[in-house]
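These come from Swiss-Prot:
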BINDING   13, 16, 46, 49  Fe cation binding site
DOMAIN    8-59  domain 'Rubredoxin-like'
């Protein structure tokens, strides 16, 4: 498997700046570490401000 296929991504809320890291997940909402952004339900919202999932953008990070 290539590094690109396994690299985890980071998504930032455009409303408040909250960051969802696929490597960490969000256990408070039952989202296990390693959960890909596409696997999160469409009705999930930002835990900090309540913004919709569509209000997040992928952030380029060096790991």
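Numbering starts at 1 and runs along the chain as it is shown here.
Just so you know, glycine gets a Cβ as well, placed from its N, Cα and C.
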Neighbours of 13, 16, 46, 49 excl. site residues, C-beta within 8 Å of centre, Fe cation: 14, 15, 17, 18, 47, 48, 50, 51, 55
DSSP state at residue 13 (Fe cation binding site), helix/strand/coil: strand
Reported mean pLDDT - the domain 'Rubredoxin-like' (8-59): 97
Number of Cβ atoms other than its own within 10 Å, given for residue 13 (Fe cation binding site): 21
Position of peak Cβ density within 10 Å, selected from the binding-site residues 16, 46, 49: 46
